[in-house]
Ligand SMILES: NC(=O)C1=CN([C@@H]2O[C@H](COP(=O)(O)OP(=O)(O)OC[C@H]3O[C@@H](n4cnc5c(N)ncnc54)[C@H](O)[C@@H]3O)[C@@H](O)[C@H]2O)[C@@H](O)CC1
Ligand SMILES: Nc1ncnc2c1ncn2[C@@H]1O[C@H](COP(=O)(O)OP(=O)(O)O)[C@@H](O)[C@H]1O
Ligand SMILES: [K+]
């Protein structure tokens, strides 16, 4: 797994490195060389334009420019002011060194001159704004960024694409769209989420020092990004000595007369993920529709109110079904009522592994007045519990004290409030968005996100069905729950890619995901076992 550090903690690593004898000047030199090396490895690089800012990100650029010049590349550095005028000592020194070495510069060019220069470039190295950037981009960088994005050259950003917050992943109205980002010391959360997903291109981490790995871990990573091989310990068990029950049985509780589809899709997804036996329990008036769609899945009709929502009279039958199941999912399409809240509460009190999604989460929010972290006894149980809120649902769970998360870092913060107040390793919050994190008490695991095609109604219902199946299939193994949840998200994401290949990236519907879950799981398992491909394993 690769550690992800908050920007402030990256600065702490920088300080720790200097304490261990690696000066900031040395770090800047190594950062510049690392960037130059990545540029050279792109191949066919004769002309490079380096756009530099006024801080240390610019300093990295000057070092890279001198290194590329030394390798015979035709380099031009564009800077907003004369190099001698840079106020930071380090940046000024490396700029003066580059000039002395013969690197040619262009100071404060008008727009048309910059555009003409960029037309000659094979690669643009973006060193305008790094982690010191905040707010909206000021001149001249706003214009420079527009010119970079309009030119045809390959763009390599140093540390962070200029205009992107490396912390929140929010881009300013001007932001470089890079083909590659060479980021220093460690991954940063903003590179992996929201606008960061669109503007970073391929991300390469340059560690800069042999001590970095240790110091980054000591700096308490905010999350860990998985590599496929990490999933080996949670890929599906493959014994032939099984029957349909020992493969894992799942009970899905949900649906309403108004929304029968969500629970149907969750049940089908659980079966496609590999649960040997799936039962769907839903309000009586929706059960008929469901059974007509589900030939392999028995549907149990539950007592309902006048709106076709499950009532608290369903409690005993649901608990009895839960007891016989390896895992339960509650919530999809269920609606929030006194009856459904009572059901969620009863299932939390059961000893069966549980996934709570959608309206199940909204019931949980109602049961705890939007202050779930203040009621740790509600989630504390001996069996696994996975909550799968999207940003809005997570906001409702913790919303009395926290605004709705609008970034990966705020998702992580809100999810941590929940898991840390509970304090147990049996609880994982899967905080879903374009960058999903699986947050356990010990660490937050980031699966590789799937394509935007997953942003379609019902996609979360599919995920929660898959999640319950995974819990059921692994119930005897005491798996690392956050990693297991991340594995499920990874399969879900891969299913999104496969479905997009089949029906087109704009056309994916949740049902398409269900049909390819099996192929996606096989592919993820295969890549986990043979990261370099089966022939090289
Ligand atoms: N953290 C580390 O260990 C290392 C950091 N290095 C580099 O140092 C960078 C951070 O350097 P700095 O802290 O000097 O910050 P930056 O170079 O990212 O930015 C600071 C400069 O940008 C200007 N600026 C900020 N917001 C602006 C806006 N909205 N519009 C226009 N200009 C704006 C500031 O006035 C200042 O001149 C990193 O991104 C990385 O590239 C590397 O040199 C080596 C190691
Ligand atoms: N832009 C995106 N890129 C990748 N995955 C996404 C994106 N948007 C949403 N997703 C994923 O799609 C799923 C949507 O879940 P959810 O919001 O609960 O949908 P629904 O309630 O319609 O079922 C989540 O797994 C989420 O991580
Ligand atoms: K940059």
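Yeah, the Cβs are placed from backbone N, Cα and C, and that goes for glycine too.
Features reported for this protein in TrEMBL:
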- 56-60, 130-136, 159, 262, 333, 390, 461: (6S)-NADPHX binding site (BINDING)
- 57, 126, 162: K(+) binding site (BINDING)
- 432, 433, 434, 435, 436, 460: AMP binding site (BINDING)
- 10-216: domain 'YjeF N-terminal' (DOMAIN)
- 227-524: domain 'YjeF C-terminal' (DOMAIN)
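For the recorded K(+) site, residues 57, 126, 162 set the reference point as the centre of their Cβ atoms, and the other residues of that chain within 8 Å of it by Cβ are 51, 53, 58, 61, 127, 128, 129, 130, 157, 158, 159, 160, 161, 176. If you draw a 10 Å sphere around the CB of residue 433 (AMP binding site), it holds 19 other CB atoms from the protein chains shown. Neighbours of residue 159 ((6S)-NADPHX binding site) among the binding-site residues 126, 432, 434, 435, 460, defined as a Cα within 10 Å of its Cα, are 126. Considering only the binding-site residues 126, 433, 434, 435, 436, 460, no residue lies within 10 A of residue 59 ((6S)-NADPHX binding site) on a C-alpha to C-alpha basis.
Set side by side, the binding-site residues 134, 390, 432 differ in how many other CB atoms lie within 10 angstroms of their CB, and the most is found at 432. Other residues of the chain with a Cβ within 8 Å of the Cβ centroid of 432, 433, 434, 435, 436, 460, the AMP site, are 390, 391, 411, 431, 449. The secondary structure of residue 390 ((6S)-NADPHX binding site), as reduced to three states from DSSP, is extended strand. Residue 432 (AMP binding site) sits 5 Å from residue 390 ((6S)-NADPHX binding site), taking the C-alpha atoms as the reference points. The binding-site residues near ligand 2, defined by a Cβ under 6 Å from one of its atoms, are 432, chosen from 59, 126, 131, 162, 432. The binding-site residues near ligand 1, defined by a Cβ under 6 Å from one of its atoms, are 134, chosen from 134, 390, 432.
Binding-site extent for AMP: residues 432, 433, 434, 435, 436, 460, maximum pairwise Cα distance 14 Å (rounded to the nearest whole number).
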